[in-house]
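What TrEMBL annotates here:
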type	residues	note
ACT_SITE	1257	active site, proton acceptor
BINDING	47, 52, 55, 77	[2Fe-2S] cluster 1 binding site
BINDING	117, 120, 152, 154	[2Fe-2S] cluster 2 binding site
BINDING	263-270, 353-357, 366, 427	FAD binding site
BINDING	769, 800, 914, 1081	Mo-molybdopterin binding site
BINDING	916	substrate binding site
DOMAIN	8-95	domain '2Fe-2S ferredoxin-type'
DOMAIN	235-419	domain 'FAD-binding PCMH-type'
């Protein structure tokens, strides 16, 4: 192979420092080079595929031709190191740090509370920084575009956007400060001076942005770029050679000699193939220094654009060209520009090339249908030159074009349009931005002057077959006919016959995709009619114009109660204090598990998982793996000296399968190697032989049919449901399904196990919510006592319930490898493996029967829940219990019965997830209430109000409580969001609009906080006071973005009467605070806060004599003796007795109400959340900025759960959606355009610290207000088709479900395939 040969020296700059690399490996990406070679760990690894933005850096280059610099953001995970010769790279460490000065971008994101777990923050900072380097005063549109490629799972984006908004020109308004009474809102009364409301941050305090202070471009690189004769560069790696020619002639020769070698420009196509599909290319050609590929030339007929130009450069070019020509000539340019704005994200567009995008010939390409419809062509070169039209003959099949392997696309011709020619491009995608299209189109029609008779028409579709397809027969039927309804209605029937998808087509969504071919053509029809009318060709009344959905994010309100005037200025409790690590997050200095430096001889562990869902293991062959370079050993169940399983809910879960596997993704063994890359290759080389077992169970229906359940099944009842059903006016029965959800914590499962070297002692550094569970798991697996294992958790990059049981399995296996090799072993899962192995939220099916009176009172309800638990029990029974305990929500239903079962299936085991069953259970309850309203033909909020608990109340498990604060939340929310006036406006909008509908919904929650098992609610804290007066606090909670360390600092500051800067919290570890409970159930602050408070109170009392002796002395002087105190706090007595069907499973209730309004495009199912108002009773907030951040983040996670996130499994049980390109979590484009949060004032809670309440989980369910608003809009669309009353609408309410449920004339044309007559592409689990 190429290894051993001496290549050229790679030269580039990072953060102003020169980097020369003699042995650059073509397979090395910039990300691993930064993190592993240079120890610049601020750039994070989130997905490895360019889909999350955590690894964003800025690349700068000098352009000798124009003597200018270009700065652009890029994903370091896809940027080959060899591509960077002559470039200057800036990482988050290069723009500012706490040791020097921080950059205004870092400061504003931190102080605007835009970071929680902080893992995504460096990427956000760099995306914004790159924007400001190009445009120091951006618009809000620029900001949202720049952030579109950056995902965050914690914040809900609003504070990030607010921090970045302060750089915009329009930011000089009180709105940018989150001011409640803004001059623009119209709700301030200028005559009556009102006491100023507290704000989350003060914009005036920010450092100004000074572009003159940025790093200069290295002069050495300018000289290098201006040398007359650049030379060909060659780099030899372990398995691959990289050649970068400098002339077109040399490129042609190389390609002729090596026709199979790929050309790599942006690496956005080849890179993911190499990384995720294991494709190996012995030679890679990089033509990025061949000038001819970047040339642009104009002709009278159109413009030739170099095939090497990045999509961002093409976009800039189009934006520059459009104003220079009359409108009629730029139809194609404008459509292309629009489509480019939706393609990928900013980081991808900055590197992906136009030519690469065309020849990769993706089935659902965004550009190819428009280029083909617009009669574009490519100029290609091999031995000679030729021009090839981009038409139906150009695209041969999946990833195949008509071009010969040795041919190179040099440039692309984009013609000007003629008078009477109209071009449009449309697309529908699972998420509004940064998402592959479901269906994309390019459509062109040409009329002779002054006529509506069609001279020529082109219709091209992406997403309707293995490649871009032309609807040629349909076009033939339209040509020479007048452009009117009659012509088009015939065209719909022809296109249906012409573009056929089999029911089991890859990608699924067959009915939806087919209906989109019609509805997008209809949209084109309307726009062309409008154009013909505008140009006075026709006089007819044009049907409704379909405007794009609104997109501008408005400033929002965050209302909270100011602290009382009597409170000491030094007392931080109740104030919006910034997260204590926020600045470290923004500078990249905050250390996560995988940022810990490598120790000498450290190994990396890769997991070998099952590829069958239900089979016997007949053989495990590791011989080939052990022969590979760098592979040290393979670890199997035989190597475990202690327990080979983890006990869960009275059952045992194998750590590594020995004889049988029960799902795809189950761990069989692990490969240990000297690097990540070698471990990955070792894993691929392990050969497992199986013998399939019959009848795997995947769906809930299959489990019910085979009685495949985990015991115990639970039930609860109050009143007499059976009798009550006989006395009601009406009975309605329904069924509802809800999909699961992937945790998608930004930091994947990460751990490092280090043998200390004596007496079987181990240090474990891990990203977990439960350090004590990890300590116990490692000790039991290795057969040693717990006092030999110390577990350290500095911080976690998000968890949401997914880093408790699953993490203990993974750490146990890693510890076995550390024991066997006697070396430190690190295991960090790739995103795809993490999603495959660790499970998520339980999918649920519910059946319900409800009896009610004609006045709307619900008298009886019978609910039956089934969850898809997966292949092991995990915490599934506890999830079912929590669903049943919360099934009354806020409704006093006198006769109520609930039954629940966890179904055992051959899918990866599901686990705890923020809300722990409540978001699923309550969706079914609220859907039932909606159905009652639909049957009675009354507004849903009226039915809700009729049935609410009022006055002193008792739940169905016999717990007394007062609903007073809930009722206040409900009334306040309706008032704040102006419910009745907006409801009328929605109804009016729907009467006037046929193809766009609005929907509105208001949804309540009553959430019991804490664990139902008393022993889980205890906590402990250790407080050290040192001689210099500094304080070190350690407690049992882990910091995962919820701000627990910040709140503990506030508690200690109040109790010790000292400023917060004197208090430090280093980590959570089992050798300081033992036997801790998991940080979960929204109970971390309640439990640990009381422990810290008690410890500080006792220490403060101990120092009383010193203070009396010297009343005027300072805190430092009083510390003549260092003080240490460990306080253990016993939790409240909570329990649930399922035999008696009574108990106290929560310490108190957190109440909340959310009202959301959406606008829905009925033709495509796309929607926007126009406004959301959330009112929550969280008692007296310890830290309003942290709590409002938790509310917004939980709401957005709920919005993802109910409207966007879909897990897709193949018919054999393999998870298809294993990364951000297939699995869509909410992005900036999904934030409600107005997102208002209000904390209920004057509320108390005697059960928790300083009268606060737990807030982490309750608000997830309020995301369903968007689901029900979409359902409301769909109902309005259905009523236009004459359909009224309840209808089945499953969660998530994706564009596909919404569009099909609207039941428009286009969806009605699509024939449905009978279930059972074909094998679906994906299971309905």
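Just so it is clear, glycine is given a Cβ too, placed from its N, Cα and C backbone atoms.
Just so you know, TrEMBL annotations never went through curation; they're auto-generated.
Residue 117 ([2Fe-2S] cluster 2 binding site) sits 11 Å from residue 800 (Mo-molybdopterin binding site), counting Cα to Cα. Note on proximity: of the binding-site residues 55, 120, 263, 269, 916, the one nearest residue 769 (Mo-molybdopterin binding site) is 916, by Cα distance.
If you take the C-beta of residue 154 ([2Fe-2S] cluster 2 binding site) and look for same-chain residues 6 or more apart in sequence within under 8 angstroms, you find 115, 116, 117, 120, 746, 798, 1041, 1189, 1193.
Within 8 Å of the centroid defined by the CB atoms of 47, 52, 55, 77, the record's [2Fe-2S] cluster 1 site, lie the Cβ atoms of 31, 44, 45, 46, 48, 49, 50, 51, 53, 54, 75, 76, 123, 831, excluding the listed residues themselves.
The closest partner of residue 1257 (active site, proton acceptor) among the binding-site residues, by CA position, is 52; the full candidate set was 52, 269, 355, 427. Non-local contacts of residue 52 ([2Fe-2S] cluster 1 binding site) by the CB criterion (under 8 A, 6+ apart in sequence, same chain) comprise 46, 120, 123, 150, 151, 746, 831, 1220. Close to the recorded Mo-molybdopterin site, the chain also has 799, 801, 802, 804, 912, 913, 916, 1079, 1080, 1256, 1257: residues not among 769, 800, 914, 1081 whose Cβ is within 8 Å of the site's Cβ mean position. Same-chain residues with CB within 8 A of the center of the 117, 120, 152, 154 CB atoms, the [2Fe-2S] cluster 2 site residues themselves not counted, are 115, 116, 118, 119, 121, 153, 155, 746, 797, 798, 1041, 1193. The separation of residue 77 ([2Fe-2S] cluster 1 binding site) from residue 263 (FAD binding site), Cα to Cα, is 18 Å. Our reading of the Mo-molybdopterin binding annotation (769, 800, 914, 1081) yields a largest Cα to Cα distance of 12 angstrom. Across the structure, residue 47 ([2Fe-2S] cluster 1 binding site) and residue 267 (FAD binding site) are spaced 15 Å apart at their Cα atoms. The shortest Cα-Cα distance between residue 914 (Mo-molybdopterin binding site) and any of the binding-site residues 77, 265, 353 is the one to 77. Mean pLDDT for the domain 'FAD-binding PCMH-type' (235-419) in this predicted model: 95.
Cα-Cα distance from residue 427 (FAD binding site) to the residue listed as 'substrate binding site': 36 Å (rounded to the nearest whole number). Remark: residue 269 (FAD binding site) has 352, 356, 360 as non-local neighbours, by Cβ distance under 8 Å and separation of at least 6 in sequence.
In this structure the C-alpha atoms belonging to residue 55 ([2Fe-2S] cluster 1 binding site) and residue 152 ([2Fe-2S] cluster 2 binding site) are separated by 13 Å. The Cβ of residue 800 (Mo-molybdopterin binding site) has 153, 743, 745, 913, 914, 1197 as same-chain neighbours under 8 Å, each 6 or more residues away in sequence.
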